[in-house]
Amino acid sequence: MVAIWNNQKQDYFPRIKEGNVYKITDFKIMPAQKKFRPVKKDISLSFYHKTKVEPMEDNGLIPKYKFDLTSFEVARTLLWDTTNFIDIMGMVKDVSSLETTSKGSKKLDVLLVDDRNHDMVISLWEEKATHFMESMAPLQDAAVFVIITGLLAKQYSGNSIILSSGDPTKCYFNLDYDPLKELMGNIQAITGHSSTSLPPPTKKRFVSTEDNIIADATIQTILDAQLPDDKKVMRFVCEATIVDISKYDGWYYNSCPTCPRTIRFEHGNLYCDECTKETGDYVQRYKITVHVKDDTAKTTFTLFNKEAQRLIGAPIQTIIAEIGQDKITSDIPVLVKNVKGKKCVFEVKVTIFNLDGREGYTVARLSEVTDQPPSTSNPPETLMDSPRKKKKLA
């Protein structure tokens with residue numbers, strides 16, 4: 001592992017290319033940084049003004065690829081651990097559509113499967129997402145095996161643990177690499193497929209490790225759903241058009257500043273039942289009930305803050321600032337009304353709450369259906385972009 005300071009990149013990056021062999025002299029041995037290590041080492045080489053980098057002939061003695069691979073099971077135990085970046089490998093099972101988050105970032109979800117039939121969602125952001133899509137384009141007709149490096153384990157809103165890309169993330173497709181070939185052989189043995197008959201990746205709107213999601217559902221299917229005795233929630237993915245916004249349900253609610261739960265007023269004080277304490281203040285969050293329809297039926301979906309903001313295109317604070325905090329009412333603002341007519345793919349949850357006829361199914365995720373090609377934008381700054389951080393080359 002080599003540490004190169006940001007102010008040295010202009011000198012060294014043009015001279016060092018992945019896959020080439022170099023002779024490096026006059027360097028320092030330093031303790032590795034405590035966080036965001038690309039490899040699991042406690043020391044690193046540190047370049048300084050006397051360091052020399054000379055290209056050498058590749059005699060084949062140094063392996064072209066070397067990864068510190070982590071299993072899916074171990075990766076899940078590293079939730080929010082930022083000591084080391086995670087390298088993972090698997091067969092690509094599903095690839096989502098490129099979506100735009102409520103903050104305007106581009107995201108692509110990839111579902112990988114290993115030789116124990118375990119799966120893991122990888123979330124690729126910005127140029128990592130677009131590069132993955134471009135690399136996958138010529139590989140769509142056959143099974144794809146990939147190694148993805150530079151990941152961190154994260155979890156949002158109580159969903160499953162996923163691995164998320166960062167600045168050092170790279171994707172390597174169908175490498176001639178022994179562990180990857182072993183994975184392919186094991187999956188062939190388990191499934192009974194030959195190397196040429198393994199299934200290619202499936203294109204989906206959303207990918208998930210959840211086993212209770214019913215894809216390509218209709219609204220009528222959702223309306224007719226009954227919860228099995230062993231399940232408290234079922235999830236459905238359907239495509240529908242927003243035809244109206246309920247004027248009887250308002251468009252926001254007053255929530256705890258710490259969590260998204262509704263606050264209640266008690267004896268002149270603000271109280272959060274989830275946090276079990278007085279909050280002292282509150283914030284407004286979106287809660288919008290929309291009427292939707294498809295070719296089979298009509299119903300109502302409920303959009304909460306993140307998904308509502310994604311569809312509206314502005315945070316609720318922007319709308320409140322325009323109206324004025326002391327002038328907001330339950331009347332639906334024009335910007336919120338603009339979601340009428342939009343066609344989306346919705347992932348909705350059906351719980352016991354919905355089975356008494358009140359509907360209002362909660363939207364867990366959505367993706368607007370558009371004929372416009374996706375655009376790319378500059379990646380957001382991450383911790384690895386800080387001018388005080390080192391850049392690492394494994």
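Glycine is treated like the rest: Cβ placed from N, Cα and C.
Copied from TrEMBL, the annotated features are:
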DOMAIN    236-369  domain 'Replication factor A C-terminal'
REGION    368-394  region 'Disordered'
COMPBIAS  369-380  compositional bias 'Polar residues'
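Summarising model confidence by region, the domain 'Replication factor A C-terminal' (236-369) averages a pLDDT of 91. Residue counts of the domain 'Replication factor A C-terminal' (236-369) by helix, strand and coil are 28 helix, 59 strand, 47 coil (DSSP-based).
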